[in-house]
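J.: Below you will find the structure I want to go over with you.
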Amino acid sequence: MYSNFKEQAIEYVKQAVQEDNAGNYAKAFPLYMNALEYFKTHLKYEKNPKIKEAITQKFTEYLRRAEEIRAVLDDGGPGPASNGDAAVATRPKTKPKDGEGGDGEDPEQAKLRAGLNSAIIREKPNVQWNDVAGLESAKQALQEAVILPVKFPQFFTGKRRPWRAFLLYGPPGTGKSYLAKAVATEADSTFFSISSSDLVSKWMGESEKLVSNLFQMARDSAPSIIFIDEIDSLCGTRGEGNESEASRRIKTELLVQMQGVGHNDQKVLVLAATNTPYALDQAIRRRFDKRIYIPLPDLKARQHMFKVHLGDTPHNLTETDFESLARKTDGFSGSDIAVCVKDVLFEPVRKTQDAMFFFKDPKDMWIPCGPKQPGAVQITMQDLAAKGLASQILPPPITKTDFDKVFRVFQEPVRLRRNWIQSPADFQESGGLVMVLRIGLDTRYKSNFHYIVYMGHHSHPNSESVVRANHEILASVTGSADGAQEATLHHYSKSFQGFSARLTPQQAQQLSENDAVISVFESRINRLRTTHSWDFLGIDSIPQYNQMPMDSKSNVIVGVIDSGVWPESESFSDAGLGPVPEKFKGECVTGQNFTSANCNRKIIGSRFYFEGFEAETGPLESNAPLPFFRSARDSDGHGTHTASTIAGSKVPNASFFGMARGTARGGAPSTRLAIYKACWFGFCSDADVLAAMDDAIYDGVDILSLSLGPDPPQPTYFENALSIGAFHAFQKGVLVSASAGNSGFPSTACNVAPWILTVAASTLDREFHSNVYLGNSRILKGSSLNPLKMERSYGLIAASAAAASGVATKNASFCKENTLNATLIKGKIVVCTFETFTDDRKSKSVVVKEGGGVGMILVDPFLKDVGFQFVIPGTLIGQEEAQELQAYMTTEKNPVARISSTTTVLNSKPAPEMAVFSSMGPNIITPDIIKPDITGPGVNVLAAWSPVATAATADRSVHYNIISGTSMSCPHVSALAAILKSYHPSWSPAAIKSAIMTTATVIDNNRSIIGRDPNGTPTTPFDYGSGHINPAAAINPGLVYDFDSHDIINFLCSTGATPLQLKNLTGSLVYCPKTPTPSYNFNYPSIGVSKLSGRLSVQRTVTYYGSSSTVFAANVDYPAGVNVTVTPCELKFTRTGEKMSFMVDFTPFKNSNGSFVFGALTWSNGIQNVRSPIGLNVI
C-alpha cells in the first residue's frame, strides 16, 4: 500500500518542478508541500534502508526548495496560507521576546523559530479536570507530579524535588493529549504541543536544532509544558540497522535538553505520549522519571462520556440506557465513543430525510413520525421545504435504538482494534514492559512479534531437558535466562523440539542463523473451515468393519484439534464402550466449567491452549463476542460438530427444528475421542495448534483431525505449523487429515504437504427446500434452513426500489446497513442480492427485519444450495428463479408472495457435486503433488452442537445444527481413516491415505462426472483430488502406494531443503544427492507433472494386500495431447505384502498452453479398481 504514497509524491513533485521552472511560485509551493507530506508518510512504512536514505535525500532537497519559495512569497507574493497552507495560517502567533526575531536575530535561528511556530500549537488551554471523563488514578498521579510543584513550590525543598518529565502511555484513543491540556490548564502554564512526525519528517535535516529551539522557546514562556505526541516515532531504539544519522542526532539532542545541561528547567515540564512505550530508546525512557498509565475508560467513565458527547442534543435516554451503553462498550476508547456518538447524532437527520409522515408540534415545528401518530400528515422533508417550511423542520430526539443501530456496524471493528493487555505496574517500576500484542489483527503497535522456532527431532531424555535447551538457545539472543523464560509462550518438547516466543525481528533473524534451528517463522492465525451423510456414503455396507469385535473397533483414538467439545451432548455417550485403551497417555485437563468428570470412555482426554492466541490477538476476555470457557468446553459449536461427525454415538430422532430428522451418528461411533481445544472464536494460533499436535502425538492418538488451516497462500512446509506437526505425526504412525479450505478459487487449497490427507467438500443427495409461493400460483424453488412459518402472503418489494435517501439503487439491492428506506419495506418481503461471494447472508436478514420487513428472498446463484439461517423467514433462489420473480413483480401491480418453512428432500440429483466454496488446486508449493487429495460430504451436515453457540444459529439455542464447509468434510474422512486403522492396525498413514484415495469415485448418482455446483460445471482433480470417498471400497483397496519418512526426506531434497535442516529434522545425517529425485517420482497415489516438456518417465511402487494370487491390468484414461505407456502393463501378485514397481511414460504431442490436462491410471483385477488421477502441464 505504501508504494501509492511514493507514487503520489512523485506526481506532485513533477507538477511542482514544472510550475517552479515556469516561475509560478504560488502554484509550485503547495505542490511541493503536498509532495513532502506524501514522502513523509511513505518514509513511515518503507523498510528498505537504501530506499529510505535515497528518499530522505530527495526530501531534504525539495524541502529546501520549498523554503526558498516560501521566502520569496513572504517577501512579495501571496503568503503560503493563501496557497493552501491553512494549518500554518491559523495557528496562533506569539509576540517575540527581546532578542527574538528582528534584525538582531541570527537568520538561521529565525528560520528555525518560524518553522517551529508553524509546526507547534502554542496556547493557554482551557480544559478542566472535570472535562476529562474517568482516569481518576491518572489524574491523581498528575496532580501530585505536576500541579502541586507549580502551585505549592514550598512543598518541594531539600531532597523532595519535582519530577522533570512525564510519560503518558496506554492504548490509542484514551485521551492522553486531552489530559495533557488539562494539566496545562490546572498548572496555569503555556502549552507547547508538537507531534513527533513534525520534528522528524517535516523538518528533516534540522530536527536536532528544532529540538533545541523548542526547549528555548518553552523557557522563554515559562512556566510552560512541552507536550510531544507520538514520541515513539521520534525516539525509537538506537543502534537499529535502519537508524539514520539524523535520527541518532535528534535523540542525543533530546537527551541533552531533558537533562537540562546549562539551563534552569525548574519551570519547564516535559509531557510525552505514546501507544508503544516498549519501542522507546532506553536512555530516553529513563529520562521520563514519572510514567503514568492511561487505561481504557471504565464503566463509569464510559457512561459519563456518552453524556458529555451528547451534550444538549435532544434525546430520550434514561440513566438505565446510559448504563447499558457503557456496558456494551467495554474495551472502547474515548475516541471510539466520540466517533460512535457522532455517528448517532446523524441518525435523527437520516430519519428526517427518509420520513414519509410528519406532525406539527405546539411550537409549529414539523417532526417526523409514523403513520399512526395523532396529527400525522403524509409528506416528505423535500415537500415541506418546497412550501417554505424548511426552517420549521426538526429531527426527532435520539433514542436508544439509534445507538443499537450504530453499534452493529461499529463494535466489531473496535474489537479488532484493541491492542493491549494492561500490565502497567511492570513498566512504571522497572522501565521494562510485560505486554502482549494482537499481531493477527493489527500490527501497527508491535515491536515484539510472536515467532515459532522449530528445531525438528530431539534425542533429549525428557521434556525438562528440552525446555532447558530451548531456554539456552533463546537466552543467546535475549541476553539472559530470565529474559528467555519471560519471552517463551510454548515449549514443543514431547514429539519434536521447538518453542514459541515473543521476539523482535532482529532476534528472530539471529535465531534462524543458529545451526540447531530449522526454521523461524511468525505464528499466523488459522481459521476454522450428521444424520444422512453416513447413509449417503454407505457406511452400513462395510461388513468387514461392522462384524469386527467392539474392543478392536474401540481401540482407535482420534485426536480432534478444534474449538473444544460440549461433553453433555448425547452424541458423546460412552454406553457400550469398554475401558480406555492402555496406550493412551493423555489426561482430562480441568478448567472453567470443565472437570475430569466431563471425560468418559468416549471423550477420553481433553486439553486446551490459549497462550498463542492471546499473544497474537489479546486476552480472551476482550475478544469474546459471547460467553466463553477457558477450558476444553466448546462455546463455538464447531468442535462439537466435527467431533460428533467422527465418532458420535447413535442418537435417534435428532434434527434441526425438524429438518434432517433421523439418527445422528458419527462414522466410527466406537472410536475414542481426545479433544485438543486450540481455537477461539473461529481462529486458531499456529503456536497453539503446534502445541496441541505435540501433545496429541505423545498422548498416543492414531488419527489427527484438523478442520482448520491458514488463509491462502500457504507458507512453505518448514514455515507452516500444520505441515511441521503433521510430519512428526507421520513419523510416529499418525495420519493427519485436514481441510483444504473454503476460499473457492484455483490455487487456494491449503494443508498441501504430501504427508497430509487434504480434504475438499462436496454435497449430499439431500436438499432443504424453502420455496416461494407467488400470488399467481407459481412456485419458485428456494433453499434455506428456515424453521419459521409464514402464515399468509405479503407484498413484495425489490431492495433496489427501497433505497434510503442518498443511497444508489444498486447499493440498496445488497441489503446492507443504512441502505434501505424502512417506510417502504415495512410489512413486506424484500428481494435482496449479494455484492461479493463473501457477503454475510444472515446480516442481510437482520437489516430487513430492523427496517420492518417480514421476509427476505436472496438472489444467490452461487450458494443457493447451501443452507443458511436467517432471523426472519428467508430463502435463497437461483438465477432462473430470479428471472421469473422479476417478471412477476414487473407485470403485477401488487405482487405478493409467501415463503414456506423448510422441508427436507432426499435422493436429490445430481449428487455429489463439488461445493462452490471448496478450495481448489493446483498445489502452489509443490505443483507435482496434486491437491486436494479427496472430497467428502461438506454441505448441510447435521451434527451435535454447543447450546450456547447461538451466533451461528440466528440466536437460537440448539443441540444439533446444520452447517457447511471443508470443516465438515474433513471429519468424514477422518472417521473413514479410523475405520481403516481399526481394520488394518499395522497399516502406515500413507497406506491408509492411499486406500482412501485410490478407491474414490468421480461419478455422481446420475452416472456422470462430478460437477461443480451450481450448474454442473466440469471439474478436474484440482477440485476433488482422487474423487469422492467410498468407504466400502476403501477397506479392501487391493493395492496401496506406500511411503515412509525416508521417502519424505528424499522429497524434501527435491524442494531445496538443506542437509543441516534435514539433519535437525530427522536427528541423523542426511545427504541429498547432487541430482535429487524429482518430486513427480514421489510414490504418491496420484501422478502430477507440472512441467512436461518432452518424453518423461514416472515411477511408482505398489503393495498388494489380499488373500490370494491375482493380476492387475493397467487401464489409461489419456490426458489430451499426451500419449501414455505403462510398463509393465500387468502386475502379478502371489502373496499379500508383495511390492511391484512400474513406469508410466508420457509423450506429449500438443502444448497445453499453460493449463493442466487430466487423465487417470486404473489398475484393475476385475474386482478391485485402484485409480490414480493424472495431471500434466505440457510446456
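Glycine is no exception: its Cβ is also placed from the backbone N, Cα and C atoms.
What TrEMBL lists as active site, charge relay system is Asp562, His638, Ser967. Sequence annotations record features per position, and here TrEMBL assigns domain 'MIT' to 2-79. What TrEMBL lists as domain 'AAA+ ATPase' is 162-298. Positions annotated as region 'Disordered' by TrEMBL: 73-109.
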J.: Hey, does DSSP put Asp562 (active site, charge relay system) in a helix, a strand, or just coil?
T.: strand
J.: How many Å separate the Cα atoms of Asp562 (active site, charge relay system) and His638 (active site, charge relay system)?
T.: 7
J.: May I ask for the distance between Ser967 (active site, charge relay system) and His638 (active site, charge relay system), taken between their Cα atoms and rounded to an integer number of Å?
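T.: Between the alpha carbons of Ser967 (active site, charge relay system) and His638 (active site, charge relay system) there are 8 Å.
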J.: List every residue in the same chain as His638 (active site, charge relay system), at least 6 positions away in sequence, whose Cβ is under 8 Å from its Cβ.
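T.: The list for His638 (active site, charge relay system) reads Leu528, Asp562, Ser563, Cys679, Gly682, Ser707, Ala949, Ser967, given in order along the sequence.
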J.: Under DSSP, is Ser967 (active site, charge relay system) part of a helix or a strand, or is it coil?
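T.: Looking at the DSSP assignment, Ser967 (active site, charge relay system) belongs to a helix.
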J.: Run through the Cβ atoms and count how many others sit within 10 Å of the one on Ser967 (active site, charge relay system).
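T.: Within a 10 Å radius of the Cβ of Ser967 (active site, charge relay system) lie 29 other Cβ atoms.
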J.: Please give me the CB contact count at 10 A for Asp562 (active site, charge relay system), counting all chains in the structure.
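T.: For Asp562 (active site, charge relay system), the 10 Å Cβ neighbour count is 29.
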